[in-house]
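Take a look at the structure set out below.
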Amino acid sequence: MAKRYFEVLNWASSFLEAQGKEGYAIHYVFLERKGWDKTQWLLHMQEEMPQEEEEQLKTDLAQLLTDYPAQYLLGQAEFYGHSFIVNEHTLIPRPETEELVERCLKANPDTPLTVVDVGTGTGAIAVSLKLARPNWRVIAIDLSEEALTVAKQNAQALGAGIEFYHGNGLQPVASEKIDLLISNPPYISEQEWYLMDASVRTYEPKTALFAENNGLALYQQLIHESQTMLKADGKIYFEIGFQQGAALQELLSAAYPQKTIKIEKDLSGNDRLAIAE
């Protein structure tokens with residue numbers, strides 16, 4: 001006898017929780033696969049679940065039990081109101097990074113500016129900026145060719161005209177004069193490995209997560225490279241780790257003594273943004 005949707009989902013959720021996993025993950029994956037919102041779920045939850053859907057759910061459940069990220073299972077993640085393709089070559093976009101995008105947009109109008117996003121990954125930052133500011137010239141750089149392939153797919157799917165470059169830091173565009181530098185670079189130190197969720201440690205690309213010199217290496221590189229490229233009134237927007245505020249304040253102040261350096265907190269009250277304006 002076929003089981004009803006809510007019975008299967010309740011069982012799956014409880015099973016995950018009994019294994020110490022996030023029970024809601026299976027609900028999220030199921031609703032995304034069905035294309036249902038919460039209202040549609042309430043309308044259909046008492047209906048019988050077809051056998052093939054139950055088999056798919058059990059396959060997804062087995063993956064979630066190994067800490068495989070739900071976003072990789074689905075091949076997509078939501079960011080700043082848009083759906084982005086993701087895979088194991090890209091970091092999964094985080095809600096905290098939306099605050100970086102929001103802060104940059106709030107401070108800069110839709111006038112012709114040259115904007116460079118370093119370590120673009122899925123292209124989430126670059127694409128979100130371009131869609132919100134069509135007059136900006138947005139350049140996106142990544143060291144991973146596989147990540148750039150995904151970023152290009154996202155830009156095309158969402159209709160964002162981005163210039164993409166493969167390379168290290170700002171080197172691919174060293175001759176440019178830029179108005180805005182924005183980056184969410186690898187900033188986790190090896191000592192912080194134990195703080196990461198198992199799903200992040202196991203499946204997300206380590207080159208997009210970890211950096212040498214207590215997680216500061218990429219900031220040091222970008223700040224150094226930007227000094228010959230950033231226009232006199234140019235601005236810098238970095239996402240940072242929660243323990244890096246003081247270090248970024250010092251690095252940016254030393255390189256740009258004429259600018260106002262701000263360390264701003266995220267919605268959780270942790271240092272999250274380093275800004276030079």
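Using N, Cα and C of the backbone, Cβ positions are placed for all residues, glycine too.
Positions annotated as S-adenosyl-L-methionine binding site by Swiss-Prot, on the basis of sequence analysis: Gly119, Thr120, Gly121, Thr122, Gly123, Asp142, Asn184. Cβ-based neighbour count (10 Å, all protein chains) for Asn184 (S-adenosyl-L-methionine binding site) stands at 25.
Under the heading substrate binding site, Swiss-Prot lists Asn184, Pro185, Pro186, Tyr187. Other C-beta atoms found within 10 angstroms of the C-beta of Pro185 (substrate binding site) number 19, with every protein chain shown included.
Highest Cβ count within 10 Å among the binding-site residues Thr120, Thr122: Thr120. Look at Thr122 (S-adenosyl-L-methionine binding site): DSSP puts it in coil.
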